[in-house]
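Database features (TrEMBL):
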{"type": "BINDING", "residues": "THR110, ASP136, ASN166, ALA167", "note": "S-adenosyl-L-methionine binding site"}
Amino acid sequence: MSRVGLRTCQQITRPWSNRVLAQKALFSSSHRCLDQSNNASRKTTHFGFRDVAEEEKESLVHQVFANVAGKYDVMNDAMSLGVHRVWKDQFIRAMAPSPGTKLLDVAGGTGDIALRFLDYCRNIHHDSSASVTMVDINPHMLEEGKKRFQTSPYAHTGQTDFLVQNAEQLVDIPDESVDVYTIAFGIRNCTHVDRVVKEAYRVLKPGGRFMCLEFSKVDNPVIGKIYDIYSFDVIPALGQVIANDRDSYQYLVESIRKFYSQEDFAQLIRDQGFKTIGSGYEDLTFGVAAIHSGFKI
């Protein structure tokens, strides 16, 4: 090709090449901006000590409890040295349900609270009209509760019901339909705790009571240090030995540390419309756990 022809070819192709490069740069820049925008709008929450997308947490928690459902009660005894039974007994005594009470037990799992509730009504009031609906987002946990009640005095009394439902959206529970709402060792696993409490307010009758039993913060530094060592060194190891699942129990320990302090959670309950008496909570075992309570007035 002649030098004149080569220069002409270069003059023709060079602007075209520049336009292509400019378009590629513009596309790449737009793509980066879109990615940055998506990341900025992507809401995160905690799963133990990890940050995860909000929409991921529910499935991650679901898998944890699917893994531990069969050994849940055994592990509770091992982890707390049986103290969880004392806490739950105190929880029911603090509730002091009257005859005919209609209870909604959310994150009801294996039925610990529901069974104690019905036992109290039967033993204290000789009452068989009290009823409980156990709600859990995890069907594996709820199946464990069903098994327990099949061998209980309440197997054929019509006093129990089981429902797979998300605590943040109790779509099958009507407004102002229950007397007491309980959630024990479950609310810290929910993605939006405020929405859970708001739903509790919706389904409770006027004068109804919200009650939550949950792990909390230990104020005493000496006891707190011992508690930390036991939590992070012993409990996951017990999970491995008893349930062949260290990771799930590592998450459960971490989730406790990420939950609200007693004061902050009591304020959240008030923020959703509940009235509290005094501080709104009762510490158990130096604050390892606490009972929170609020009334819909």
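Each Cβ is built from the backbone N, Cα and C atoms, and glycine gets one as well.
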Lowest local Cβ density (other Cβ within 10 Å) among binding-site residues: THR110, ASN166: ASN166
Neighbouring C-beta atoms (10 Å sphere around the C-beta of ALA167 (S-adenosyl-L-methionine binding site)): 24
Spatial neighbours of ASP136 (S-adenosyl-L-methionine binding site) that are distant in sequence (at least 6 apart) but have CB under 8 A: VAL106, ALA107, GLY108, GLY109, LEU142, GLY145, LEU163, VAL164, GLN165
